[in-house]
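Structure record follows, encoded as structure tokens.
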Amino acid sequence: MFSVGLTGGIGSGKTTVSNLFGALGATIVDTDLIAHRITAPHGLAMPFIEREFGAQFVAADGSLDRAKMRALIFSDESARKRLEAITHPLIREETEREAGAAHGAYVVFVVPLLVESGTWEARVDRVLVVDCDVETQIARVMSRNGFAREQVEAIVARQASRDARLAAADDVIVNDNASLDELAAEVAALHQRYLGYAAAAPN
């Protein structure tokens, strides 16, 4: 099935754009949602995380204590790699399962770290980047998540640069101050193009 990898920095508007594609009938497979699901109460990853990091990283409801884990992986690169060694294979398994059950004309994989992964570009037919300037990202995430500016800057610094994402892009949606109607029009135009690609793609 024809596939699009949708990516962008934190706060760029990936969820809004993916929801617009979903409303037009594309199958959406969101790796962030899968990551949350496997670390939710009694999620697939939780027994492995508890064994690797200890019970102090498991919240009372059986989910991942995200604040505690975030603090650890920002201060300890090896901890981040240990966490990813647990979560990434499970996320890949789930994305493949969801894509295999897809009913739309094409599938959109929402992958925040698509460029950073080093593997996703080869797994999709097109890369679509939702782009905005860094100050816009920071302001949006501070407002949405209640994070301090320093926290958001640290997250942005760990992600691929804007230039690196744009270099990987086949298609770009600029979302600095775009209205929902403007975004919807851009998505609708891309949707028509992707339907054409999907129809021409070998099964």
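Note: Cβ is positioned from N, Cα and C throughout, glycine not excepted.
What Swiss-Prot lists as domain 'DPCK' is 3-201.
Under a cutoff of 8 A between CB atoms, and with a sequence separation of 6+ in the same chain, the neighbours of G11 (ATP binding site) are C132, T136, Q137, I138, A139, R140, V141, R144, V152. Residues or ranges marked as ATP binding site by Swiss-Prot on the basis of sequence analysis: G11, S12, G13, K14, T15, T16.
Same-chain residues at least 6 positions away in sequence with a Cβ under 8 Å from that of T16 (ATP binding site) are, in sequence order, N175, L180, L183.
Taking Cβ-Cβ distances under 8 Å and a sequence gap of 6 or more within the same chain, the neighbours of S12 (ATP binding site) are V130, D131, C132, Q137, N175. Non-local contacts of K14 (ATP binding site) by the CB criterion (under 8 A, 6+ apart in sequence, same chain) comprise L6, T7, G8, V110, P112, V130. Cβ atoms within 8 Å of the centroid of the Cβ atoms of G11, S12, G13, K14, T15, T16 (the ATP site) belong to the same-chain residues G8, V17, V130, R140, N175, site residues excluded.
In sequence order, V130, C132, I173, N175, A178, L183 are the residues near G13 (ATP binding site), counting only same-chain partners six or more apart with C-beta under 8 A.
Sequence-distant neighbours of T15 (ATP binding site) (same chain, 6+ residues apart, CB-CB distance under 8 A): D30, V110.
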